[in-house]
Amino acid sequence: MKKVLVLDFGGQYNLLVARRVRECGVYCEIKSFRMTMDEVRAFAPDAIIFTGGPATVFDPGAPMIDPEMLSMGVPVLGICYGLQLMMHLLGGQCCKADTREYGKTELTHTASPLFDGVPETAVYWMSHGVEVERLAPGFEIIASTEGCRHAAVQCLEKKLYGVQFHPEVVHTEYGRQILENFLYKICGFRPEWTMASYLEEAVAQCREKIGNGRVLLALSGGVDSSVAAALLQRAVGRQLTCIFVDHGLLRKDEGDQVEHVMTKQFNVDVRRVNAGPRFLSKLAGVTDPERKRKIIGEEFIRVFEEEAKKIGAVDFLAQGTIYPDVVESGLGGESTVIKSHHNVGGLPDCVDFKDIVEPLRRLFKDEVRQLGLELGLPEQLVWRQPFPGPGLAIRVIGEITEEKLSILRDADAIFREEMALAGLDRTTSQYFAVLTDLRSVGVMGDERTYDYTLALRAVQSQDFMTATWSRIPYDLLDKISGRIVGEVKHINRIVYDITSKPPATVEWE
Ligand SMILES: Nc1ncnc2c1ncn2[C@@H]1O[C@H](COP(=O)(O)OP(=O)(O)OP(=O)(O)O)[C@@H](O)[C@H]1O
Ligand SMILES: O=c1[nH]c(=O)c2[nH+]cn([C@@H]3O[C@H](COP(=O)(O)O)[C@@H](O)[C@H]3O)c2[nH]1
Ligand SMILES: NC(=O)CC[C@H](N)C(=O)O
Ligand SMILES: [Mg+2]
């Protein structure tokens, strides 16, 4: 199968670049620009995409690569910083732009395979303060905007292309078409990356890695670990034991529901561990979000280890880790740590498992869902909204106490109930309540109150890398607010979160 190397220079849309390439049915991986030529050769890409990045290409210390990468005979598409770098390395020159372009910009192109089927003039997304001043030998201009002469360039013969705009963001009208042109027309790939092909390969790989070993899967009842369970059940069947940890940070009645559904769904040993008290005592007094996440991740591992000891010799720990977990934890390429996902970062040095098995580590959320359907999991499970591993710990802002957890559980249950009643549960990607650490003054029954503010959060998202806030009707918000304040003690104010991601994240911590 053909594969694309997405070389990461730290740009904010880099995961999107990979996402779009996969949407075109072509496999790709994101790697840091720091990889050596030997590593590039070992990866053996059939095409390379250089991403954007915050650096200025002619500044000392700007990210560089071995120019040999451009003469391997592999087609390259440079985006923004990637274009500038290509020009810089091949004998062209870049400079500070006279006109910095940010946002939607009109662009006109000439004939080029890259713009095949794209109207001569259309809207593109720009975000740069540097531009190409002089082309590298052998290149020609194929598109310009009013403020930027070198908006797209090509060297037909060597299949090297560069664009100053961002084809990966939705605001670039024909972005998808341009990426398809690069992948299909210029590189000659076909859309062959499908979940059916992936499934076969993943099952074979798991069998090979696991051999006759025993596997313990961390099963949360969520989409990712359920898909991982179905896959491992197919790959190694009876060698699998699933452990569901009730860490005392689940939603109302969730522990019982998950236990019920999971034991029914899977034909393997599924065990529930009630570990609430130990998680809560470790979290007592902790307010920093990153510390909460680290503590929970560590405690998860301890619980799994103890369970493994009870079973006897367990060789592998399996988890439903997916690609965004890895990248947001700062391990995908060049991106900074957004949040440390509890399940990423590998095993601590001092654990008993031989290795970790993560069959979904390279997949995006919507790919995981497709894979779930491919494996025959019920739609209801596959389309379940995500629930973060650290659970309510990251939805109780500040210190976590039993009392706050219980307030949040009751409020969240009302929110979910009303959303379902209104029929919005299936069309809203994710929705939940957050108990803020803020208290404010209210008046109830003529009496002054000084109680918590609850925030409601609901988002629309395809892959949870970006999201927009859901336009829940005012009347429904009104009903929910009335019910929560009326029925849940210690909440006297409700706010609705109207930020998208970015700049906010879905969860508050
Ligand atoms: N309560 C839990 N018990 C056991 N394992 C868990 C628990 N919560 C999370 N995990 C492990 O951590 C991984 C990451 O959690 P995450 O919430 O991202 O995935 P998920 O719960 O499987 O799916 P979803 O994103 O749909 O909630 C899970 O796939 C699972 O392996
Ligand atoms: O398993 C998880 N462990 C985590 O530590 C974690 N943090 C966020 N999430 C979920 O990921 C999606 C994106 O969330 P953020 O925009 O808050 O990063 C949303 O769906 C979040 O619910 C997590 N899932
Ligand atoms: N988005 C980018 O890749 C920006 C590249 C470079 N830092 C510039 O400002 O032009
Ligand atoms: Mg989950």
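Any Cβ shown, glycine's included, is placed from N, Cα and C.
Now, the feature entries from TrEMBL:
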ACT_SITE  Cys80  active site, nucleophile
ACT_SITE  His166  active site
ACT_SITE  Glu168  active site
DOMAIN    193-384  domain 'GMPS ATP-PPase'
BINDING   Ser220, Gly221, Gly222, Val223, Asp224, Ser225, Ser226  ATP binding site
For Ser220 (ATP binding site), the one of Cys80, His166, Glu168 that lies nearest, given that the active-site residues are compared by Cα: Glu168
Between the residue listed as 'active site, nucleophile' and Ser225 (ATP binding site), the C-alpha gap once rounded to whole angstrom: 37
In sequence order, those recorded positions of Cys80, His166, Glu168, Gly221, Asp224 whose CB lies under 6 Å from ligand 1: Asp224
ATP site shell beyond Ser220, Gly221, Gly222, Val223, Asp224, Ser225, Ser226, criterion: Cβ within 8 Å of Cβ centroid: Leu219, Val227, Ala228, Ala229, Gly320, Arg384
Residue pair Gly221 (ATP binding site), His166 (active site) - Cα distance, angstrom, rounded: 37
Sequence-ordered recorded positions from Cys80, Gly221, Gly222, Val223, Ser225 with Cβ under 6 Å of an atom of ligand 3: Cys80
Neighbour count (Cβ, 10 Å) for Val223 (ATP binding site): 24
Sparsest-packed among the binding-site residues, when each Cβ's other Cβ atoms within 10 Å are tallied, from Gly221, Gly222: Gly222
Cα distance (Å, whole number) from His166 (active site) to Gly222 (ATP binding site): 34
Inter-residue C-alpha distance, His166 (active site) and Asp224 (ATP binding site) (nearest angstrom): 30
Cβ under 6 Å from ligand 4: qualifying recorded positions of Cys80, His166, Ser220, Gly222, Ser226: Ser220, Gly222
